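Below: one structure, written as C-alpha cells.
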Amino acid sequence: MLDAFSRVVVNSDSKAAYVSGSDLQALKTFINDGNKRLDAVNYIVSNSSCIVSDAISGMICENPGLITPGGNCYTNRRMAACLRDGEIILRYVSYALLAGDASVLEDRCLNGLKETYIALGVPTNSTVRAVSIMKAAAVCFISNTASQRKVEVIEGDCSALASEVASYCDRVVAAVS
C-alpha cells in the first residue's frame, strides 16, 4: 500500500505540485480496490473452516477408500493432518490474495510440497480434488454466490479477485500434480 502512495508523492514532488487530479483519483481507486481485496480475504478467512472441511468431505465422498483401514484419512491423526494441510494451503492462498502476488504461496507453501506428499504416500489426485473444491468455494464467497451464506459486499465487480484466487488455487494444483 505504501508503494502506491509513495509513487504518487514522488510523482507530484517531481512536478513540484500538490497531489491532485489524476494522482488523487488513482489513489482513490487503489483504496477502493484495496477494500475489495481486504473483503475478499476476509470472506475466505471467516469461512475457512467450512471451506476446508467441505473440501475434505467432498474428497472423501468421491473416494471412500480414504477412510477405510489403510486409507490416507483413516484414523483421527491422519484426518487431522489432512484438515491441517487444507487449512495451511488455504491460508497461503489468502496471503497471496492479500498481497496480490503468488510469491509467498510459492516460496512458503508449494516449494517441495509434491515431493513431501510423495514421500509420505499422500495421493496427489485426492489433494488436487480437495483444492479444486476449495477453489470453487472461495470463488463463490468472493463473488457472493455461495448458496447458504451471503455477506455484505463493497459495491463493484469482484470477478477479477475471484479469478485471482482461482489462479492461486490452480498454482497449488499444478504444484502437486
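Placement of Cβ uses the backbone N, Cα and C atoms for every residue, glycine included.
Here's what Swiss-Prot has on this protein:
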type	residues	note
BINDING	Asn35, Asp39, Cys158	(2R,3E)-phycoerythrobilin 2 binding site
BINDING	Cys50, Asp54, Cys61, Ser147, Gln148	phycourobilin binding site
BINDING	Asn72, Arg77, Arg78, Cys82, Arg84, Asp85	(2R,3E)-phycoerythrobilin 1 binding site
MOD_RES	Asn72	N4-methylasparagine
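Closest to Arg84 ((2R,3E)-phycoerythrobilin 1 binding site) in space, going by CA atoms and restricting to the binding-site residues Cys50, Cys61, Cys158, is Cys50. Taking the C-alpha positions, the distance from Cys158 ((2R,3E)-phycoerythrobilin 2 binding site) to Cys82 ((2R,3E)-phycoerythrobilin 1 binding site) comes to 30 Å. Sorted by the number of other CB atoms within 10 A, the binding-site residues Arg77, Arg84 start with Arg77, the lowest. Each residue contributes its Cα atom, and for Cys61 (phycourobilin binding site) and Asp39 ((2R,3E)-phycoerythrobilin 2 binding site) those atoms are 31 Å apart. Taking only the Cα positions, the spacing between Asn35 ((2R,3E)-phycoerythrobilin 2 binding site) and Asp85 ((2R,3E)-phycoerythrobilin 1 binding site) is 28 angstrom. In terms of C-alpha distance, the listed binding-site residues Asp39, Cys50, Asp54 place Asp54 closest to Asn72 ((2R,3E)-phycoerythrobilin 1 binding site). Nearest neighbour of Asp54 (phycourobilin binding site) by Cα distance, taken over the binding-site residues Asp39, Arg78, Cys82: Cys82. Cα of Arg78 ((2R,3E)-phycoerythrobilin 1 binding site) to Cα of Cys50 (phycourobilin binding site): a distance of 19 Å. In this structure, the C-alpha atom of Arg77 ((2R,3E)-phycoerythrobilin 1 binding site) lies 34 angstrom from that of Asp39 ((2R,3E)-phycoerythrobilin 2 binding site). Across the annotated binding residues for (2R,3E)-phycoerythrobilin 1 (Asn72, Arg77, Arg78, Cys82, Arg84, Asp85), the two most widely spaced Cα atoms sit 14 Å apart.
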